[in-house]
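Read the structure below first, then the notes.
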Amino acid sequence: MGSSPPSPQHPARLWAAVFPTLCSLGKTDSSAALPQRSDLSSQEELDLGAPERSDSSTAPRPEHRFRLWAAALPALWGEEEYSCEHGSAKYLALCGLGGVVSCGLTHTAVVPLDLVKCRMQAEPSRYRSMLQGFALTVEEEGIRGLAKGWAPTCVGYSLQGLCKFGLYEVFKLRYADMLGPERAYLWRTSLYLAASASAEFFADIALSPMEAAKVRIQTQPGYANALRVAVPKMYREEGLWAFYKGVGPLWMRQIPYTMMKFACFERTLEALYAYVVPKPRSECSKPEQLGVTFVAGYIAGIFCAIVSHPADSVVSVLNKEKGSSTMEVLKKLGFIGVWKGLFPRILMIGTLTALQWFIYDSVKVYFRLPRPPPPEMPASLKEGFFFK
């Protein structure tokens, strides 16, 4: 009985038993480094692997010290404790915060690349390539010119990230509940597509005003150099419509982009753990899991850039030219024109998407949020009950 392992349902008792040992390491008196038998009940001693108590009060023998440590380690470094339940209000709020941090930081960091990309789309005759566009911008406006539009980018994409990641978790849980566990697993790709499209619909409404101001600042020389100047000026000239006339093309660009971003990421992550990573996710350390997240995010980002680029070209020209419509811009650009600036966009979006998923997952780790592993087939499907 003394050699039986401790039951796992007593972590508090294990802490109480090992704490004196932790505090008194290095002392010469070995008896001071052990929990006193008189402080524990007989059952607790048996749970900790101690031999049955006899009538004589003797100190634990040295071979039982290892049992105390072995009993305490699972409580110290074993099963992870989460700060909240998966799907709770706190969980969803912190997921939204993760979206704010990931999207706001990453989009602001690539403002110089985004500025040159927008100018290549709006003025292809002047900005012929990425390197030439950088050189021309620095020549005409100095290094500070590359940071034009950072404020609306930071504000707009922080709001977008809040809705995109936060509402994605909401819709994914809601749609999964509607489908049930079996259909949610079988139709999981469609589930990811539907949840991400629903979230992005609202995210673009939050993004549209700041995106319109950003494009004006970046593509119209002399219009405004700061957000506080651009917003009142746009409102005086065109009213509220100035901030939302690009929401249609934004939906055209962002909804396919986000559907690809989330569905491709989820399935790529699943494939990496199934076929590439040499051990199960549960055996991977946190840094290893975040590394897999980064790789899956970059692969998803490449496809995102290709799918959403034509609509992105339309948005850049539409927000620059007053009174223009989506169809007019499409006719003006033509098939080749809508693909201008694709290479810098792939560089930007690939890196951006990978960093966003990495930061978002890191926020979850920091706040100790539940991070469910890739979905597994429900037992009812494995046994064939669902089809009977």
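Note that Cβ sites are derived from N, Cα and C of the backbone, with glycine treated the same way.
What TrEMBL records for 30-41 is compositional bias 'Polar residues'.
Per TrEMBL, the feature compositional bias 'Basic and acidic residues' maps to 50-61.
Residues or ranges marked as region 'Disordered' in TrEMBL: 30-61.
Taken from TrEMBL, the feature repeat 'Solcar' covers 90-174 (among others).
Regional average pLDDT for the repeat 'Solcar' (187-271) in the model is 91. Annotation comment: TrEMBL describes 187-271 (among others) as repeat 'Solcar'.
Per TrEMBL, the feature repeat 'Solcar' maps to 288-366 (among others).
Residue counts of the repeat 'Solcar' (288-366) by helix, strand and coil are 70 helix, 0 strand, 9 coil (DSSP-based).
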